[in-house]
Amino acid sequence: MRGTVVFVLLYLATCNAGPHLNGVTGVTCSKRSDCGLVPSLGCLNGTCASCVVDADCHDSASDVSKRCVQKDGVAQCLDKNVFSPFTAADVLAAFLAVLATAMGAACGIGGGGLLVPLYIIVVGLNPKYAIPLSKATILGGAVATYWSNFREKHPNASRRPIIDYALAGLMEPMTLIGTIGGVMANAMFPSWLILVLLILLLAFVTYRVTLKANKMYAKENQATPLLLPINDPMEHANHERSVTQECIASTASVEDEPHYTEAPESTTASGNTAESIKRQDILDAEANVFPFKSCILPLLLCILAILTEALLRGGHGAASVVGIACGSALYWLLIVPPAILLSHVAYGFAKRLLRREHLYDQYEIEPVVGDVRWTPSTAYWIFPLQSFIAGIAAALVGIGGGIVQGPVMLEHGVTPLVQSATASYMILYTSTSTTIQYTIAGQFPGALQYDYVLWYVGLGFLGGLMGKTVVEFLIRKTGRMSYFLYFLAINSACQAIAMGYIGIKGVVHDIHVGNSMGFTGLCRG
């Protein structure tokens, strides 16, 4: 993650650094890939050497995925630009990227677990480039989802936006703190152990979400008359909101939690008393669809802090822009300021959520179905700790935090539609930050790079719109919120299979070339 305050430093650092090419000159080769992952030497007359023409970078006569490019004064093999040429593999990758992003955006989990294997297998990218490209695609999906959700209302409280900004403000900072430790652990853990932990995590998420879906489905069956699809347009216009509310109300106690219903808004204006005015002020404050100063700005500051910290320390495959050595005292000290800031922001949102709970009790406002019942232990310890662990877990096994944050919210009874919208909102911050970092570090494929960024952000945006539309249509036609959870479980299972396949290939490769199968030092590279 990067900070704009040191962009110039990064530029100077990258300009002064010589290009690093994979491959050893003179080593025997039969095709370009024998010389290593791009950027690499080409294969000329059976030996690895600097390429001269594009054919020196091809693995076969029909291979056009790599080109010989003069960069930084050195001839090297790089991935082709997106549209030069635009191949059948690019068409297939575009279609699958839209589909994967739609699946991820629909559930609020991003979709990186599907996109990374897709870009490695179909496009043939080096994992070094596949991961940044997945972040750019997820960014497009997150923008589309936020744009779609911006004026959407909470299914059980028409005064509120569907995004729970305060809940995101509590979860996102602690998740980001967790990712700092998770990224470092990922660098030290052996690939086989990361693979095992990845499969276990995704299997556990799939299992827990499936359990909740089954319980919700059973509750819905008990309220079958309420869940019949509405086919008449006029009837749908008159009753859509009430049916959706009844559906969610009937399933909100999946874990035997008490039922709550929204207070009729008319009761808050029963008289021009100080108490009724205060109650109305509380409800009106919740209606802000863009609480920039109170909720959005603090998270922007958190992202900027993490961005700057990663620039100074180095991260996501890029070295420190100011030359701070990995493992030095300053390297470790730079973790402290952002951790303090993020903890303070999370603490502030915890206090805000507790105050809301107190005001609801004081002014006898009925809690909303799907709200977390906030207590000091829940706000100050349980939720922050779970978010912190979610950040560690996601970064350790190399997946997006959304796939862990979403189930955490569901475990606390958050309504699925609110969970999805809130998780997508948090993904918008992290994907923006990482995409900026990868762009500055030049970690996208091709000589141009920006063409990949813009193309796949656009595909992600299209996928995000599609995913949101499909989910809304499915819930509107069936009235079953459980289908949303089943979809989330299927998505998690698909990511486990796809990432597991790539992980197994990586482990087999490590064994084949004799790489270490044990723990390694953080600063080994």
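We number each residue from 1, going along the chain as drawn.
In case you wondered, yes, glycine gets a Cβ from its N, Cα and C as well.
Those TrEMBL annotations? Automatic predictions, nothing curated.
If you check TrEMBL, you get these features:
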SIGNAL    1-17  signal peptide
TRANSMEM  92-125  transmembrane segment
TRANSMEM  162-183  transmembrane segment
TRANSMEM  189-209  transmembrane segment
REGION    252-273  region 'Disordered'
COMPBIAS  264-273  compositional bias 'Polar residues'
TRANSMEM  295-312  transmembrane segment
TRANSMEM  318-347  transmembrane segment
TRANSMEM  380-404  transmembrane segment
TRANSMEM  453-471  transmembrane segment
TRANSMEM  483-504  transmembrane segment
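Touching of the transmembrane segment (295-312) and the transmembrane segment (483-504) is ruled out by the presence of fewer than three CB pairs under 8 A, sequence neighbours closer than 6 excluded. For the transmembrane segment (380-404), the partner stretch with the most Cβ pairs below 8 Å, chosen from 162-183, 318-347, 453-471, is 162-183. Residues 6, 9-10, 13, 169-170, 173-174, 176-177, 180, 298-299, 301-302, 305-306, 308-309, 311-312, 380, 384, 387, 437, 440-441, 443, 522-523 of the same chain sit 6 or more residues outside the transmembrane segment (318-347) yet have a Cβ under 8 Å from a Cβ within it. When Cβ-Cβ distances under 8 Å to the transmembrane segment (189-209) are tallied for each of 92-125, 162-183, 453-471, 483-504, the top count falls to 483-504.
Tertiary proximity for the transmembrane segment (453-471) is limited to same-chain residues at least six positions away from its ends with a CB under 8 Å from its CB atoms, namely 82, 94, 97-107, 111, 133, 136-145, 148-149, 420, 435, 439, 444, 484, 487.
Here the transmembrane segment (483-504) has long-range neighbours at 103-104, 106-107, 109, 111, 113-114, 116-118, 120-121, 127, 191, 194-195, 198-199, 202-203, 205-206, 209-210, 212-213, 216-217, 397-399, 403, 406-407, 410, 416-417, 420, 471, 474-475, meaning same-chain residues at least 6 beyond its ends whose C-beta is under 8 angstroms from one of its own.
Away from its own ends, the transmembrane segment (92-125) comes close to residues 65, 79, 131, 133-135, 137-138, 140-142, 144-145, 202, 398-400, 402-403, 406, 419-424, 427, 431, 445, 455-456, 459-460, 462-464, 466-468, 470-471, 484, 487-488, 491-492, 494-496, 498-499, 501-502 of its chain (Cβ-Cβ under 8 Å, at least six residues beyond either end).
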